[in-house]
Amino acid sequence: MYGMVSGHSDSKRNTSRSNRHRHRNNDNVHRSVYRRLVSFFRETWTGIKMGLDSEYEEVDVQQDRYTPEALDNLCEITKFNKRELQLMYRGFKQECPSGMVKEETFKGIYAQYFPRGGDTSQYAHYVFNTFDQDHTGSITFTDFVVGLSALSRGSVQEKLKWTFNLYDINGDGYITKDELFRIVTSIYDQMGRAVDSVVDDHTTKEHVDKVFKKLDLNQDGVVTMDEFLDSCTRDENITKSIGFFDTVL
């Protein structure tokens, strides 16, 4: 009898350890994605790797080209100074001479920041739509710096609002469990072999159910912006981890 109880107890402890290990891996995957996302925007279109320090140059208005907002205006609506915006604009224009980036180009560049074997296209689509708030099919320089400012320099609340908009796939002001599942699945897909050993359909559903229950404070089947902010700001791990991603150009 004692041996059976002991064995059952050991089994429960092992299961508990396994669950904790899975959830830690889930959290690590999400943090890794956030770090790569910030690095992707920060390095791809800022000109940092080339060490550029040029004047802010406007793109002529013709056909498909875009003229960015005045530099002083961008300083007011973002957390970047003039020199940083100069660097970013030159880097952005080198990658996107028209002053705008289309989704397919965005996906191609984004894929370089994740492991081989991962499928980044779906998550990149969601990220692209979060930056393309006007749903024009292109990200302009203004779209880029406003989004990057919130993502890398914003307060915890601003970063969480950006994340909410990412998870609110259809833009109706609510996150459903299906939307959360689609985002989480796309995160695992893009990490490829890095998560294959710890993630399966059952694990994903279990993780989504747990997270959604935590976010949906009034248990009405949808998560509002207020619920999302309230739940996330109460979680010390979330507020600490999201604060690590501030960047200085």
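Just so you know, the numbers here start at 1 and follow the chain as drawn.
Glycine residues also receive a Cβ, built from the backbone N, Cα and C atoms like all the rest.
Any TrEMBL annotation is an automated prediction that lacks curation.
Record features, source TrEMBL:
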| type | residues | note |
| --- | --- | --- |
| REGION | 1-28 | region 'Disordered' |
| COMPBIAS | 14-24 | compositional bias 'Basic residues' |
| DOMAIN | 119-154 | domain 'EF-hand' |
| DOMAIN | 155-190 | domain 'EF-hand' |
| DOMAIN | 203-238 | domain 'EF-hand' |
Secondary structure content, the domain 'EF-hand' (155-190) (per DSSP, counts of residues): 26 helix, 3 strand, 7 coil
Intrachain residues whose Cβ lies under 8 Å of the domain 'EF-hand' (203-238), provided they are six or more past its termini: 22-23, 26-27, 156-157, 160-161, 163-164, 167, 173-177, 180-181, 184-185, 188
Averaged pLDDT, computed only over the residues in the domain 'EF-hand' (119-154): 92
Composition by DSSP (helix, strand, coil) of residues within the domain 'EF-hand' (119-154): 24 helix, 3 strand, 9 coil
